[in-house]
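For 1-27, the entry in TrEMBL reads region 'Disordered'. Sequence annotations record features per position, and here TrEMBL assigns repeat 'WD' to 215-249, 250-283, 297-338.
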Amino acid sequence: MTRPRKDRSTCEGGSAPDGVVTSRGHNVPSSYLGHEVAQLTKLRSEPNGLLSRVGLGKSLLPVSPVMMLAGRESNYSGRGRFSSADSCHVLSRYLPVNGPRRIDQMNSRAYVSQFSADGSLFVAGFQESEIRIYNVNGGWKVQKEILAKNLRWTITDASLSPDQHYLVYASMSPIVHIVNVSSSVTKSHANVTEIHEGLDFSVGDDIEGELSFQIFSVKFSTDGRELVAGSSDDSIYVYDLAANKLALRIPAHKSDVNSVCFADESGNVIYSGSDDNLCKVWDRRCFVTKGQAAGVLTGHLEGITFIDSRGDGRYFISNGKDQSIKLWDIRKMSNKVTCPNPRLRDEWDYRWMDYPPRARNRKHPNDQSLATYEGHSVLRTLIRCYFSPAYR
């Protein structure tokens, strides 16, 4: 299995009825794309064949913990221990029993929560101007407490830099603030104990200033040199931190852009999700000449609340107000937008109403996703979703 080349361009993206053109120019059956993810999952979670075999050429799954332990004691692998896949198979048979437990309690709602890439820190943003960074390995102690500047309604998003030295936070405003979280100051009060520098994402000739639009999503690039943001004016913004100026604005969707992220470490490809129900792929190398998305992915019946990239420039997941998470492969993207089933917007609002039971059986007639995950609720706010760091 070959990894995707990081310098490949999606400018020639499109779709074919029976397959997808890869970066090497080969036409790959669409069904193969889902099998690749399944194969990776199998390799990481299926036990050794010697443990699952019950007869000639036959295997039985799942393997009981007793049989797994007996196999380990007889040194079936020659290493005297479980492989990581064996451990995953054993643990998958059990539900967590220690939790959930309350880590902290504030006086306002928590709108943002996210682990750092290595899982050592946890960031939580609250409605009443506060952001807390918890040291997970240090017993969930508060490592940094930040009191935000010029807050409008709530913290809409926050993002840690890859080196975990800086944090940016957004509000209902085109101004994003950046804080040094590696300093010795434990209580960072904006412009009192520390400077929270404001990064202006508005266009130079925008006369409305801070009232022009709101930022719902902001993320660092993998190298920490750029920020990408999604906004209420249906656009994507890229900010150059080194030059301290806005580098790019993309009129991206026909409704609010609720979530954006970089696809991989190259920083060339961006994923976006909007209230227009669409996920889009943008290649900065060809946007200047084409002026449009490299591809569109359809499948959600309601607005997208969040997007998270697997970091390989190929797969990402999205959470939607249709109460589902979807797994996508950008090799299945199309340059055509197909109309979904009628939305429920006129009769349903996720902010204060439950999702209609009859709507759970609706399916998009042209769903391009690899897999759909249901059973959770996406209500009241823009609920996030993430890949587990161990299985990116």
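Using N, Cα and C of the backbone, Cβ positions are placed for all residues, glycine too.
All TrEMBL annotations are machine predictions without curation.
Here the repeat 'WD' (215-249) has long-range neighbours at 156-163, 166, 168-174, 176, 178, 199-203, 255-262, 264-265, 267, 270, 272-274, 282, 284, 287, 306, 311, 382, meaning same-chain residues at least 6 beyond its ends whose C-beta is under 8 angstroms from one of its own. Taking H, G and I as helix, E and B as strand and the rest as coil, DSSP gives the repeat 'WD' (250-283) the counts 0 helix, 19 strand, 15 coil.
Counted with DSSP, the repeat 'WD' (297-338) comes out as 3 helix, 20 strand, 19 coil.
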